[in-house]
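Okay, structure first, notes after.
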Amino acid sequence: MRKIVIAGNWKMFKTQAESLEFLQGFMPTLEQTPEALEVVLCAPFTALSLISKNLHGSRVQLGAQNVHWEDQGAYTGEIAAPMLTEIGVRYVIVGHSERRQFFGETDETVNKRLKAAQDHGLTPILCVGETKQQRDAGETEALIAMQLEKDLVGVDQQNLVIAYEPVWAIGTGDTCEASEANRVIGLIRSQLSYPDVPIQYGGSVKPSNIDEIMAQSEIDGALVGGASLEPGSFARIVNYQ
Ligand code: PGA
């Protein structure tokens, strides 16, 4: 049985005070949520420590949004894996399209980050996906195959989550058809050496489309941006029908 993982990606949103306010609204909504479902909150670095203290003993896992490949060093502005594990972080998003697009992330650096995360016992959530231009040019399958080939060199697939995030669907309200997401995720799975890697869909996931997304045979969860910022909306998503 593949694990189901639903993760909120808060991006550059929420101060510590706003994070606590979220938890007050969100935590009570998890009482009926099946134990088998992994719920993850990927918060900004500045809120992680405080959230960790407040999640202690709860079923929600804490995630970060990036990690450097060295344990320490002269890398201004970066965060190392031991800094995350020390405060109870368990997951880390790696290779999000916003990092690839705006911060020069390449498949080579993604690969290094994945391996460093795993070396420290973190479970990376690797993001892959095509731009609108690549989709329109019929390059989706080849692009994703290439991302996986380069990103996964030497990576332990037994401690990994993959998120299929079509770039054109992120933050646009323009969700990928559930059946199309299912098709691409099936292709991703066919390229893995360990087929039970949980593969999420991400890109404009909302309370109104989560049920259809989760009904697809290949989709094992969701990576949720905008709709994870509000407790009621994220609660509806993790309590999908
Ligand atoms: P979105 O973002 O849900 O706001 O589209 C998803 C993501 O970037 O992970």
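A Cβ is built for glycine as well, from the same backbone N, Cα and C atoms used for every other residue.
Feature list (source: TrEMBL):
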- N9, W10, K11, G171, S204, G225, G226: substrate binding site (BINDING)
- H96: active site, electrophile (ACT_SITE)
- E165: active site, proton acceptor (ACT_SITE)
Residues flanking the substrate site, with Cβ no more than 8 Å from the Cβ centroid of N9, W10, K11, G171, S204, G225, G226 and excluding those residues themselves: I170, V224, A227, S228, L229
Residue pair H96 (active site, electrophile), G171 (substrate binding site) - Cα distance, angstrom, rounded: 13
Integer Cα-Cα distance in angstrom, N9 (substrate binding site) to E165 (active site, proton acceptor): 12
Integer Å distance between the CA atoms belonging to the residue listed as 'active site, proton acceptor' and K11 (substrate binding site): 15
Sparsest-packed among the binding-site residues, when each Cβ's other Cβ atoms within 10 Å are tallied, from G171, G225, G226: G171
